[in-house]
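K.L.:
Here it is, the structure, as structure tokens.
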């Protein structure tokens, strides 16, 4: 009985932590990723257009810059403008997690933490990218993260609709997606 209460308490805590995030029962879906993914063409600056809210992003003007390091890994620099006007940034590293599917990357921001999936589901390299990440939690449920990215601060609505259609056709829930405010933003990088 005590173990069941502990498990239920842990689940309640995880649900509270995942508030606003896409929390679902069952295992992560396995959508197809971008075919013939070219990492070198993907490098550079991307602006966040829409996302499923995540606890670690609190600001607006969110952007990411990907660059190749000497060791062949990818430097990831994420930046946002906080409500108080200060810039928050975090640097991490991305590596290929599946050699046969180069669009499946793993991203790590802290040494002792495991890599998080970073799957590029679709990109044309010049305008848009659709990124999906999903983590299974104790084999009972999963938490989705989705980012629609653009090389510019705004994407045409038909492009956003096209990318959301990819998600829904793979049974990925988009209900909690929100716009990222990119108005009057500085270029951080």
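Cβ atoms are placed via backbone N, Cα and C, with glycine included.
Per Swiss-Prot, disulfide bond is recorded for 28-134, 61-185. Swiss-Prot lists 65, 98 with the feature N-linked glycosylation site. The pyrrolidone carboxylic acid annotation in Swiss-Prot covers 21, and the record cites similarity to another entry as its basis. The signal peptide annotation in Swiss-Prot covers 1-20.
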K.L.:
Have a look at the recorded positions 28, 65, 98, 134 and say which one has the shortest Cα distance to residue 185 (disulfide bond).
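P.N.:
Checked the recorded positions 28, 65, 98, 134; minimum Cα distance to residue 185 (disulfide bond) goes to 65.
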K.L.:
What whole-number Å value do you get for the CA-CA distance of residue 61 (disulfide bond) and residue 134 (disulfide bond)?
P.N.:
24
K.L.:
Rounded to a whole angstrom, what is the C-alpha distance between residue 65 (N-linked glycosylation site) and residue 134 (disulfide bond)?
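P.N.:
Computed Cα spacing between residue 65 (N-linked glycosylation site) and residue 134 (disulfide bond) is 21 Å.
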K.L.:
Measuring CB to CB from residue 134 (disulfide bond), give everything in the same chain under 8 Å that is also at least six residues away in sequence.
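P.N.:
When sequence neighbours closer than 6 are ignored, residue 134 (disulfide bond) has 28, 29, 117, 142, 143, 144, 145 within Cβ distance under 8 Å.
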K.L.:
Please identify which of 61, 185 has the densest Cβ environment, defined as other Cβ atoms within 10 Å, among these disulfide-bonded residues.
P.N.:
61
K.L.:
What's the number of neighbouring CB atoms sitting within 10 A of the CB on residue 65 (N-linked glycosylation site)?
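P.N.:
Other Cβ atoms found within 10 Å: 17.
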